[in-house]
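Novice: From TrEMBL, for reference:
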BINDING   A:HIS29, A:HIS264, A:ARG359, A:SER386, A:HIS468, A:ASP476, A:HIS480, A:ARG527  substrate binding site
SITE      A:HIS29  site 'Important for catalytic activity'
BINDING   A:HIS69, A:GLY117, A:PRO118, A:LEU119, A:GLY159, A:ASN188, A:HIS264, A:PHE444  thiamine diphosphate binding site
BINDING   A:ASP158, A:ASN188, A:ILE190  Mg(2+) binding site
SITE      A:HIS264  site 'Important for catalytic activity'
DOMAIN    A:356-532  domain 'Transketolase-like pyrimidine-binding'
ACT_SITE  A:GLU418  active site, proton donor
Protein chains: 2
Amino acid sequence: MGYSDVDKLAVNTIRVLAADATFKSNSGHPGAPMGMAPVAHVLYNKIMNYNPKNSSWLNRDRFVLSNGHACMLQYTLLHLAGYKISMDDIKAFRTIDSITPGHPEAHDTDGIEVTTGPLGQGFSNAVGLAIAQHHAAGEFNKPGFALINNYTYTFLGDGCMMEGIASEAASLAGHLQLGNLIAIYDDNHISIDGDTNCAFTEDVVMRFKSYGWHVEIVEDGDHDLEGIEAAIKKCQAVKDKPSMIKLRTIIGFGSKQQGTHGVHGSPLKADDIKQLKVKFGMDPEKSFVVPQEVYDLYAQHGAEGAAMEKEWEQLLSKYAESYQSEAADLKRRLSGQLPEGWEKSLPVYSPADPAVASRKLSEIVLQKIHDVIPELVGGSADLTGSNLTRWKEAVDFQPPATGLGDWSGRYIRYGVREHAMGAIMNGLAAYGTVIPYGGTFLNFVSYAAGAVRLSALSHVRVIWVATHDSIGLGEDGPTHQPIETLAHFRALPNCMVWRPADGNETSAAYYVALTSKETPSILALSRQNLPHLENSTIANAMKGGYVVHDVEKADITLVSTGSEVGICVDAVKYLKDNHNLAARVVSIPCFEVFDAQSKEYRLSVLPDGAPSLSVEVMSTMGWERYTHEQFGLNRFGASGPYKDVYKKFEFTPEGISKRAVATVDFWKDVPNIRSPLNRAFQQVS
Amino acid sequence: MGYSDVDKLAVNTIRVLAADATFKSNSGHPGAPMGMAPVAHVLYNKIMNYNPKNSSWLNRDRFVLSNGHACMLQYTLLHLAGYKISMDDIKAFRTIDSITPGHPEAHDTDGIEVTTGPLGQGFSNAVGLAIAQHHAAGEFNKPGFALINNYTYTFLGDGCMMEGIASEAASLAGHLQLGNLIAIYDDNHISIDGDTNCAFTEDVVMRFKSYGWHVEIVEDGDHDLEGIEAAIKKCQAVKDKPSMIKLRTIIGFGSKQQGTHGVHGSPLKADDIKQLKVKFGMDPEKSFVVPQEVYDLYAQHGAEGAAMEKEWEQLLSKYAESYQSEAADLKRRLSGQLPEGWEKSLPVYSPADPAVASRKLSEIVLQKIHDVIPELVGGSADLTGSNLTRWKEAVDFQPPATGLGDWSGRYIRYGVREHAMGAIMNGLAAYGTVIPYGGTFLNFVSYAAGAVRLSALSHVRVIWVATHDSIGLGEDGPTHQPIETLAHFRALPNCMVWRPADGNETSAAYYVALTSKETPSILALSRQNLPHLENSTIANAMKGGYVVHDVEKADITLVSTGSEVGICVDAVKYLKDNHNLAARVVSIPCFEVFDAQSKEYRLSVLPDGAPSLSVEVMSTMGWERYTHEQFGLNRFGASGPYKDVYKKFEFTPEGISKRAVATVDFWKDVPNIRSPLNRAFQQVS
C-alpha cells in the first residue's frame, strides 16, 4: 500500500473531470463519479490487471459499471489508463456519434465490457462474467497452469440494489459461490427521489449475507484509500463466496451540494465547479486538465499490465505444448468462429418423419451438437423438463463442493430468475469463451425484456429457447399464452425472432442463431407436435422465408409461421375442394432474416399479382408489412386442451379457408395487386 | 383452537379433490395443493373473515395465491366456502370457457381477488392490497370506527421467492411496515428442476428479516393445524411489520411420489390416487367427493362471515351518520364512478399557449384533478422529478412513525422497482378504493411487462405515466430511448397506449384513462416541449384519432403521434412551398381507442383516394395497419441533444417531406387508392 499525494491528486482530477464534462454537455450525472472517484482510482491504479493496449486480453480483470449513469467516471478512468478514449472524446460526452454516449456501450467504446445504464443489468452481467471465468477455469486450467483466474469487479448504487434483477443475480451468485466476483456498493444514501430513507431502508448487509455473500464495510469511502484497498484484498482472499463491499461515500463529494440529490442527475453550476477546483488546489479557470504526474502514475500501471499480459502469453505458449487441443480450442473460441464442419451434426428431416414438437426438435439439435460445439453452455429458468434444454450427458455447472456438478459443467440451473438469466447470458457472451442459451416459456421472456434489449443493443450472441410459444400450450391458459410477445421482440432492432414450423426449420434457426456473432435470437418453440413440411430444407429456412407449397396461377398466398404452417397446408386442400381456389403457402420463420434477403428473392416468395393472408395465432401486429390481410388473435387466449383452443379461435383448415375466401373476394376487383414488400422508400438504418 | 376429525377430513378432502381434478383434466399441478391443504383449511375455515355470498364486501380479508399453478387448491376452497364455484365447475377444470382455468383469473371467477400464475406477481399484488388497506384505513377510519382493518394473506412458493419482482415488493413492504400483510411461504424444497438445492440455497428467513419483516417458522405444515393457527395469530399481533411464515411442507403429501418434483406439474397416476384415498380412509372408487360434514363445517364459517358483514354494514350506517361526506365518498369509490363534473377540472389549451413538454402537461393535469378525484393515488419508481408525477401539496404514503408522511398520504415512493410497482398497482386497483398511477421512463415500463400484461388480462384501471418517450429524451442515449416499446404494448390486448401531441390531447388521454374502468393505460409523454395544435380538442382526441389539419384534394395524409405531429404540421408548409403538394395531418394518440370508433368515422380520418405516411420516431411496426407508407426508426437511437438526434435521423420538416414526396410518387399510378382501414374480414375478438 502507501498512497501518495499523486494518488490524492488523481482522485480529485477524476472528480473534477466528471464535473467539467457534465457541465460542458449540460447533461449527465456528476454525483456518483465524484463520490466513487477514490474506489475507482484504487481499482484501476492498484488492483486491476489489464493491458490498456489490448482490451481483449482474455485473463484481464473485468470491470462493470452497473450504475451506468455514472459513466463519466468510467470514461475518465479508461482515458487515464490509456485505452482508446482521448480527451477530445471526453469533451464530446453525450454528443452525436461520439464514443462517450450517455450510458456506456460495449459495442462502441474500447474498454467497456458490457452495455449498462438500465439499473441492475450491469451487476447481473458481472455475475455472468464471473460464471464464465469459473467455467473457463474449470475447462482450461491445468495443474501448474492457472491460465484463467481473473476477478470481476462491479460498482452498483442504490438503484441497482433495489431492482429485482439484481436480487435474482445475487441469490444465484451466492448459491454458485463465485469467489472471483467483487461488488462495490456505493452507499451514498441518495437516489433521485432524495434520501433513500423514503423508500429503501432494508439491511443490505444482512440481505447479502442471506444470499451467501461475504461482506466488507468501508466507512470513509471519500478519503480512506488504504481502507478501500484492504477491503478489496480481504474479498479477494475469500475464495468460496462472492463479496460485496459496502462503501459509504458522499455523493458529489466536494460540490457545494454534496450529499444531496441535487448533484445526482444535473451538472454542477459554474461557480460550484470553480470553488471545487479551488478546494482541490486546481486552477479554477482551466477545464479538462490532467496533471502529467497523474498520467504517469497510470502509465506505470498500464505498463505493468502489459508486462503481465506478456507473461501470460508465455504461459499460454507453454500450455499449448502440453495441452495442444485445449489451447487450439480456446483460441478458436476467442475468435468467435465455430468448429469447422459442426453444421453436419444438425439433424435433417423429411416429410415422412413423424410429427414432433419443436421444443423436442430443439432438444434433438442440442443433443446432436453439444459435442461438436464445446462452447455451448445451456440452462433454464427452472423449466428444464418443459423447455427440454438439457442434453442427456450434461453436467451441471455447480461448485464442486455441492456434489451436484462441477465448474466445467455446461448446464446452469438458473432457478426461476428469467430477468437475471437474460443479463447473466449477456455477461457470459461478453466473456468470450462460451455461447449461452437459456430456456423459459416464451411468455416469460417478457420478464427479461430489459436484458434482451441490451443483448440486441450490445450485439451479443445469446439464444433464448422459448418454448410453449402460443395458445398451443393449451391448459395453462391466458396467463401463459403469448399474444403480444412476438410483435414485441420483432420490433426490437438487431433481434432475431424465430418460430420454426418443423424439423429442418428448427435446425436452420439454430444454424443462423449460432453463426450470427452479433445478434441475439429468440427461438419460439411449440409444446404440441408438428408435421415436417414439403420443401422445408435447412437451406430454404435459413433465408428467413420461403415457399412451402407453390401452385400455378395462385388465387392467394397463405403466409404463416410455426405450428400454423402445417394447418395452412391442410387449408390448401380444403380451399381447392370446397372453393376451387388455388393457394400457395409461405413460411416466414424469421422476419429479421427474411428482411435481409435481396428484394428479388423476397418478391419471389411474396410476389405481386395475388392477395396474401397471414396466419399466426397471436397479435397480427407487424404482419401488415408482408401480407394484405391478417388472421391472428388480438385478444387473450383460453385454457383447455390445445385442439379445443385452436378450434375455439378457428385456427383450422376451415377457419383459415373462410378468411382466405374473404380475402380473395375483397381483392378481386383490384388490378395489378402489389406485394406489400414494394415500398415507397427505404427505412433509416 | 381445537381441531377435530372433521378438520382432518376437510384437509384430506382438499388434497384428494386436487388429485381428482388434475387427473380428470390430465393437466395441472396436484403437488402444491396437496401440500398446502392444511394451511389453506386453517385460513379459510378458522382465520379469514369473508362472506361467500358477497365477494365484494370491502372489509373482507384478502387472499392471493401467488403460486397460481396451485389453483385447484383455491378453486376447492372457494367451492367449500360457498362461493359461486360448483362441483361441475371443479370438474371442468382447465377446459374451454370454464370458470376454472389453468391459472386463477380475477375477472372471471367469483372470489378470486387478482389474476395469478406468472410467478412473483401475486405476492406483489398482495403488497398492493395491503397498501390499499392501510391507505383506506388512514383515510376513512375514525375514532370508534375501525371500518377498514382487513388482513391480506398470500401463499407463495419457491418460484415466487426467486423472482426479482417479489424481492422488490418485499423490500418495499418492509419499508412501509405493512402490519396487515401475512405471507405464507410453502417451503417444500421442490421446484420444477428438482430439489431447490440445485439453484436456491439462500437463507430466506434472514433475507426477509433484512427487509424488516417479522418471521415465523412452522416445522410440520403437513399435520400441525394448531401450530399453523398459532403462527398466523402471532403474525396478526405484529402491527408494525409485515409477516412471513416459513411453512415446511411435503409437496404432494400422501402421493406415492410425495416430496419429489414428479408431483409438481403432472397429475397423479390412477393407482396412486387410489392408494391416496385408501390411506385417507376414503372410497377409492369414488371421485369428486365432499363429505357433508365438511360442507357443514364451511357453511358454519360462511354464516359467521355473513353475520360479520352484517355487523359491519351497521357500523357503516352509524359511521355515515357522523361522517356523511366520507361515507358517500367511500360508497362512490366502490362503485368505480368518478365524482360528477370532475372533468371540468381538466386543463384546456389553445394554439396560442406556449409550448410545453407533455410530461409537464401531465403534471398540470394531476395538479388540477387531484382535489376532485380523491381516490387518485400516485407515485414513481424513483423518478419523481423527471416524471413530474407529484402534485405540489401531496403527502407521501409512509408509516407515520417515519415522520415522512402518513397512511392517508396519496403519493407512494416506490423506489427503483418498476416491476413491483406495476404489480402493486394491480393490487391497489383490485382493492377498490383507489385509482393508481405510477411513473417511470417509457423504456422501463418494459421492466414491468409481466405486470402490465396482467393489468390488461385482469381488466384493472391502472395508469402508467411513462415519460421520456422517445429519442427526444436526447443525451441519455440508446439505453434509454424506446424503439420497440409502443409496438409491444399496442400489441397487448386491452391496453391503451396514449402518445399525446399537446395539451388537449394530454387532457383527453387522462379523461379516457380515468373513465375506462376495465382497461389499463400507458401515457407516453415527452421530455421536450411541444406546441399546441389547431383542431386539437379534448373531444377530438378522445376518439383516439382525428384530423389536425385538413385540405381540399389532398395529395397525401401525414399520420403521426406525440412530438412528431407538430413537425408534420411544419412539413405541410414545406411540402406546399417546395413541392406544391397538399398534405393533410392526422393525429392518432391512441390506436386502441381509435379502433373502437365507427368505420365511418375512421374512414373520414383516413379516407380512400390518397396515400398516407406515418411519422413516429420509433419502430414502424403496427403502422402498416393505418398507413400506406411508414417513416420511423427501426434501429437504436443516439446520445446527444434531442434536436441533433432528430436531425440525425431526419425527423424534420425536410426529412418528412422527402418521404412524403416518395410516397406520392410511388402511389401516383394506383387508381382508387384504398385506405388501409378497409379489410377483407373482421378479427376474432
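Just so it is clear, glycine is given a Cβ too, placed from its N, Cα and C backbone atoms.
All annotation found in TrEMBL is predicted automatically rather than curated by experts.
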Novice: Looking only at C-alpha atoms, tell me how far A:ARG527 (substrate binding site) is from A:ILE190 (Mg(2+) binding site), rounded to the nearest Å.
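Specialist: Between the alpha carbons of A:ARG527 (substrate binding site) and A:ILE190 (Mg(2+) binding site) there are 47 Å.
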Novice: Which ones in the same chain are close to A:HIS264 (substrate binding site), with CB under 8 Å and 6+ residues apart in sequence?
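Specialist: Long-range Cβ contacts: A:HIS29, A:GLY31, A:ALA32, A:ILE190, A:SER191, A:ILE192, A:ILE251, A:GLY252.
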Novice: Filter the binding-site residues A:HIS29, A:GLY159, A:ASN188, A:HIS264, A:ARG359, A:ARG527: retain a residue only if its CB is under 8 A from a CB of chain B. Output in sequence order; output 'none' if empty.
Specialist: A:GLY159
Novice: Tell me the Cα distance separating A:ASN188 (thiamine diphosphate binding site) from A:HIS468 (substrate binding site), rounded to the nearest angstrom.
Specialist: 44
Novice: Round to the nearest Å and give the CA-to-CA distance linking A:GLY159 (thiamine diphosphate binding site) with A:ARG359 (substrate binding site).
Specialist: 37
Novice: If one looks at the chain holding A:ASN188 (thiamine diphosphate binding site), which residues at least 6 apart in sequence have a CB under 8 angstroms from its CB?
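Specialist: Non-local contacts for A:ASN188 (thiamine diphosphate binding site): A:GLY31, A:ALA32, A:GLY35, A:GLY157, A:ASP158, A:ARG248, A:THR249, A:ILE250, A:ILE251, A:GLY259.
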Novice: Would you count the other C-beta atoms found within 10 angstroms of the C-beta of A:HIS468 (substrate binding site) for me?
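Specialist: Result for A:HIS468 (substrate binding site): 26 other Cβ atoms within 10 Å.
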Novice: Just give me the nearest neighbour of A:GLY117 (thiamine diphosphate binding site) among the recorded positions A:SER386, A:GLU418, A:ASP476, A:HIS480, Cα to Cα.
Specialist: A:GLU418
Novice: In the structure shown, which of the binding-site residues A:HIS69, A:ARG527 has the fewest Cβ neighbours within 10 Å?
Specialist: A:ARG527
Novice: For A:ILE190 (Mg(2+) binding site), what is the secondary structure state per DSSP, taken as helix, strand or coil?
Specialist: strand
Novice: Would you mind pulling the longest C-alpha to C-alpha span across A:HIS29, A:HIS264, A:ARG359, A:SER386, A:HIS468, A:ASP476, A:HIS480, A:ARG527, which the record has binding substrate, in angstrom?
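Specialist: Between the most distant Cα atoms of the substrate site, 48 Å.
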Novice: Can you tell me the mean pLDDT for the domain 'Transketolase-like pyrimidine-binding' (A:356-532)?
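Specialist: Overall, the domain 'Transketolase-like pyrimidine-binding' (A:356-532) comes to a mean pLDDT of 98.
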Novice: Filter the recorded positions A:ARG359, A:SER386, A:GLU418, A:ASP476, A:HIS480 down to the ones within 10 angstroms of A:PHE444 (thiamine diphosphate binding site), Cα to Cα, kept in sequence order.
Specialist: A:GLU418, A:HIS480
Novice: Using Cα coordinates, what distance in whole Å links A:SER386 (substrate binding site) and A:GLU418 (active site, proton donor)?
Specialist: 15
Novice: Which of the three DSSP states, helix, strand or coil, fits A:PHE444 (thiamine diphosphate binding site)?
Specialist: helix
